[in-house]
Amino acid sequence: MAEAGASKGGEEPGRLPEHEEEEESPLWHGAGHCKWFNVRMGFGFISMSSREGSPLESPVDVFVHQSKLYMEGFRSLKEGEPVEFTYKKSSKGLESIRVTGPGGSPCLGSERRPKGKTVQKRKPKGDRCYNCGGLDHHAKECSLPPQPKKCHYCQSIMHMVANCPHKTVSQQPTSSQGRHEAEPQPSTSAFLREGGGTYGYSSPSYSQEGRSEISERSGRSPQEASSSKLSASPEEPSRKGPSVQKRKKT
């Protein structure tokens with residue numbers, strides 16, 4: 001029983017006593033300037049020139065993260081910027097806990113910004129802003145408030161591009177030209193069959209003497225000659241017509 005009580009009251013092997021806890025590393029106060037700072041990664045190093053008010057023989061580097069900077073907006077440090085800070089010693093080295101400007105003022109910060117977070121201007125490629133009509137940006141980048149809708153072709157607010165009269169006028173000559181080319185030319189045989197009443201043309205008038213003269217030469221009567229002219233191909237009247245007119249003039 002005594003042994004059991006002693007084992008219970010004694011300390012377990014492998015455990016540190018409660019009074020032997022690790023003490024936190026103490027904080028020191030230092031001053032110096034920013035050695036370098038990467039604005040994209042958000043960290044850098046401070047060159048400490050004095051500690052607890054006493055100058056150091058050689059500068060000591062202290063790690064600094066952007067989360068430890070006392071300032072508003074985008075947190076960063078400018079190279080050579082004077083700072084005051086509190087720091088501690090860790091397994092990785094000296095790390096800053098809080099960084100301010102001289103006298104506890106906010107840090108100034110660097111003017112540089114990460115390239116990935118800045119809004120890059122779009123190069124004009126012929127595109128047009130649908131809001132204001134500008135060529136150097138798109139509608140989502142337009143600084144003006146939403147403008148009234150207007151035609152993208154002539155920039156008029158009276159109609160949309162689907163009903164633009166200027167666009168239809170520019171396309172009309174090409175369509176009308178194709179329509180005229182597609183229309184077939186009327187043949188001379190149609191003029192003869194219709195009696196010359198179409199398009200203001202009239203069929204050539206032959207006198208009775210001319211008809212009899214033609215029928216005598218061909219050996220047919222005037223009625224047969226006239227019927228043969230109507231049943232002939234379209235090319236025959238065009239060849240015979242001028243020859244008959246020349247005979248009449250002579």
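Using the three backbone atoms N, Cα and C, a Cβ is placed for every residue, glycine included.
Here Swiss-Prot flags 29-102 as domain 'CSD'.
The zinc finger annotation in Swiss-Prot covers 127-144 (among others) and is backed by sequence analysis. Helix, strand and coil counts under DSSP for the zinc finger (127-144) come to 3 helix, 0 strand, 15 coil.
Over all protein chains present, the Cβ of Cys129 (Zn(2+) 1 binding site) has 17 other Cβ atoms lying within 10 Å. Taken from Swiss-Prot, the feature Zn(2+) 1 binding site covers Cys129, Cys132, His137, Cys142, and the record attributes it to similarity to another entry.
Taken from Swiss-Prot, the feature zinc finger applies to 149-166 (among others). Across the zinc finger (149-166), the prediction's mean pLDDT works out to 80.
Following the DSSP three-state reduction, the secondary structure of Cys151 (Zn(2+) 2 binding site) is coil. The annotation Zn(2+) 2 binding site is assigned in Swiss-Prot to Cys151, Cys154, His159, Cys164.
The compositional bias 'Polar residues' annotation in Swiss-Prot covers 168-177.
The feature compositional bias 'Low complexity' is assigned by Swiss-Prot to 200-209.
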Other residues with Cβ within 8 Å of the Cβ centroid of Cys151, Cys154, His159, Cys164 at the Zn(2+) 2 site?
Lys150, His152, Tyr153, Gln155, Ser156, Met158, Met160, Val161, Asn163, Pro165, His166, Lys167
What other residues of this chain sit with their CB within 8 A of the center of the CB atoms of Cys129, Cys132, His137, Cys142, the recorded Zn(2+) 1 site?
Tyr130, Asn131, Gly133, Gly134, Asp136, His138, Ala139, Glu141, Ser143, Leu144
In the domain 'CSD' (29-102), how many residues does DSSP put in helix, strand and coil?
4 helix, 49 strand, 21 coil
